[in-house]
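As given in Swiss-Prot:
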- 1-10: topological domain 'Extracellular' (TOPO_DOM)
- 32-46: topological domain 'Cytoplasmic' (TOPO_DOM)
- 68-82: topological domain 'Extracellular' (TOPO_DOM)
- 104-126: topological domain 'Cytoplasmic' (TOPO_DOM)
- 148-177: topological domain 'Extracellular' (TOPO_DOM)
- 199-238: topological domain 'Cytoplasmic' (TOPO_DOM)
- 260-276: topological domain 'Extracellular' (TOPO_DOM)
- 298-319: topological domain 'Cytoplasmic' (TOPO_DOM)
- 11-31: transmembrane segment (TRANSMEM)
- 47-67: transmembrane segment (TRANSMEM)
- 83-103: transmembrane segment (TRANSMEM)
- 127-147: transmembrane segment (TRANSMEM)
- 178-198: transmembrane segment (TRANSMEM)
- 239-259: transmembrane segment (TRANSMEM)
- 277-297: transmembrane segment (TRANSMEM)
């Protein structure tokens with residue numbers, strides 16, 4: 001039986017719309033939940049960066065991919081000519097921001113593996129500083145082509161980003177398009193190495209070799225109170241898992257981009273409805289990585305989020321902790 005591409009396109013669009021609304025709500029409420037949380041062990045700065053950029057990505061995605069679907073060709077042309085290039089910059093910026101933040105998270109993990117003292121270089125204020133650096137670089141790489149004659153403008157009717165000086169493109173656009181696809185793969189590779197290192201730490205031989213390289217640098221942490229050291233290691237493990245899942249998820253998405261780049265006829269031979277269906281299904285998975293990482297794979301943030309939604313959104317009383325009553329028993333002995 002032949003599959004109707006138009007029906008598949010409508011299903012794909014519905015899936016993308018549903019994922020967009022759900023993840024916009026989740027990212028906003030997650031940010032509020034983390035802000036009101038008293039858990040100081042959370043990597044809050046990374047969570048804010050991922051959640052806020054993801055919420056903005058959803059908003060720009062609605063403007064670029066969803067609203068034009070319901071417009072007439074004439075209305076869409078006016079819409080695209082007026083703000084199309086601007087919102088194309090917005091959607092690209094917020095798509096690249098989690099990738100760059102992932103690179104920072106990976107560097108953080110590697111630095112702590114090399115030396116626990118490196119955690120001093122990744123305090124909350126310093127992470128905000130580092131993210132502001134890559135945000136500035138990201139914005140510069142997008143605004144320079146935008147101000148040139150080769151600015152990029154997404155066209156939903158052609159299902160692609162179109163250069164206004166086509167077939168040419170700005171050198172920065174060409175460079176970023178070629179290399180940005182490898183960001184999640186590189187991060188995934190190094191996060192796998194970090195996980196291997198984490199598993200090898202159970203080996204006494206590996207620990208001895210590692211301590212030889214850290215000789216003279218471990219006094220600060222061996223003298224730490226055990227509860228502080230335990231909390232620090234718990235935070236590091238949480239970050240490792242989050243970085244790995246994020247890298248894996250984004251790598252899966254970028255893998256399809258790499259395949260389409262190597263074999264472009266796979267996409268080019270599809271009908272317009274087929275191209276839109278494929279695009280909407282791909283887009284639907286992009287905003288889900290925050291929910292996947294911080295709700296599915298991170299029990300701590302999941303509990304914080306559920307408590308926040310229960311109390312602040314549904315105005316329910318906080319869940320009571322179960323207490324076990326111990327009754328005192330007396331024994332009598334016969335004399």
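In case you wondered, yes, glycine gets a Cβ from its N, Cα and C as well.
Note: the stretches the transmembrane segment (277-297) and the transmembrane segment (47-67) are in contact (3+ CB pairs below 8 A, sequence gap of 6 or more). Sequence-distant contacts of the transmembrane segment (239-259), counting only residues of its own chain at least 6 positions beyond either end whose CB sits under 8 Å from a CB of the stretch, comprise 43, 46, 50, 98-99, 102, 105-106, 108-109, 181-185, 187-188, 191-192, 194-195, 198, 266, 282, 285-286, 288-289, 292-294, 297-298.
Non-local neighbours of the topological domain 'Cytoplasmic' (298-319) in the same chain are 29-30, 32-34, 36-37, 39, 41-42, 47, 238, 241-242; each lies 6+ residues outside the stretch with a CB under 8 Å from one of its CB atoms. For the topological domain 'Extracellular' (68-82), the list of distant contacts is 13, 153, 155-157, 276: same-chain residues at least six beyond its ends, Cβ to Cβ under 8 Å. If you average pLDDT over the topological domain 'Extracellular' (68-82) in this model, you get 95. Residues 96, 99-100, 102-103, 105-106, 109-110, 113, 237, 240, 243-244, 246-248, 250-251, 253-254, 257-258, 261 of the same chain sit 6 or more residues outside the transmembrane segment (178-198) yet have a Cβ under 8 Å from a Cβ within it. Helix first, then strand, then coil: DSSP counts for the topological domain 'Extracellular' (148-177) stand at 7 helix, 8 strand, 15 coil.
Helix, strand and coil residue tallies for the topological domain 'Cytoplasmic' (298-319), in that order: 15 helix, 0 strand, 7 coil [DSSP].
With a cut-off of 8 Å between Cβ atoms, the residues of this chain six or more beyond the topological domain 'Extracellular' (260-276) that come close are 5-6, 8-9, 12-13, 69, 156-157, 159, 181. Note on the topological domain 'Cytoplasmic' (104-126): DSSP counts are 21 helix, 0 strand, 2 coil.
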